[in-house]
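Visitor: Here it is, the structure in full.
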Amino acid sequence: MVEHFMQEYDTDQNNQITVEEFLNGTEKWCKDLKLHSESNIVEKRDEAEEYLNDLISLEQEEEEEAEGENPPTKSQIIRKAIFLLIIGTVLAAVFADPLVDAVNDFSTASYIPSFFISFVLLPFASNSNEAVSSILFAARKKKKNMSLTYSQIYGGVTMNNTMGLRIFLAVVYFRGLVWDFSSEVVIVCLVVIVMGLLASFRRIFPTWMAGIAFILYPISLGLVAILDYVVGWE
C-alpha cells in the first residue's frame, strides 16, 4: 500500500513527497475518480435505456397483436349469450330429474335432510372454484386484481340467483314439476336485495362489510328452516 502511494505521489523518485507532489497527486486521484464514476453512470444509463427499449418494444408488439384481433360486435355477443342460455336450459331440463334422484338417494343413505344437501353441500361443491380463484386474485392486493375479483363475484351471484332461477322456473313450468321451494326463493331474493343495496350506495367496501355478507348465509338458512319446518310454508 505504501509503495503504491509513493509511486503515485513521488514523481521525481527521491523517496520524498513534497507539498507540491502531494497536491498534484491528490488532484490526479480526484480526476481519475470522477472519470471512473462518470463512466459507471453512463454504463448504467445505457443498460437502463436498453431495458426500457425492450419493454417498450414488447408492449408495442402486444398492442399490435391485440389490434390485429377483431373484437366481437354487440350482435355477436348477444347471439352467443342467447345460445349459451339455451344450452344451459337444455342441460338443466335433461339433468333435473337425475340430480333430484341423486340428492334424494344420498339424503336417504346418509340420513341428512335433502334441504341441507341442496342448499349447503351442493353450493359449496359447485362454487368452490370461484371461491378459490377469488381468494387467489385478492391475495395479490392490486387494484386491477381486486376489480376482477368483484366482477367475478357479482357475475356469479347474478347468474346463480337471478338468471339460474329463471331457467329453473321455466323448466318447472314447462315440465309440470311440483314446486315446493317458495321459501327458498323468497330468502334468495331478500339476500340479493340486501347485498345489491349495499353495493349500489358504496364504492369502497371496508372489511367489516365482509362480516355482513358471511352472516347473511347462516341467517338465510335459518330463515328457510323456520319457514319450512315451523311455519310450514312451502
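Please read every residue number as a count from 1 along the shown chain.
From the backbone N, Cα and C atoms, a Cβ is placed for every residue, glycine too.
What TrEMBL records for 1-32 is domain 'EF-hand'. The annotation transmembrane segment is assigned in TrEMBL to 81-100, 112-132, 153-175, 181-201, 208-231.
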Visitor: Look over the recorded stretches 81-100, 112-132, 208-231 and say which has the most C-beta pairs under 8 A to the transmembrane segment (181-201).
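Guide: Comparing 81-100, 112-132, 208-231: 208-231 has the most Cβ pairs near the transmembrane segment (181-201).
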Visitor: Can you work out which residues elsewhere in the same chain, 6+ from the ends of the transmembrane segment (81-100), have a Cβ less than 8 Å from its Cβ atoms?
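Guide: For the transmembrane segment (81-100), the far contacts come to 163, 167-168, 170-171, 174-175, 177.
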Visitor: What mean pLDDT does the predicted model reach across the domain 'EF-hand' (1-32)?
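Guide: Averaged over the domain 'EF-hand' (1-32), per-residue pLDDT gives 68.
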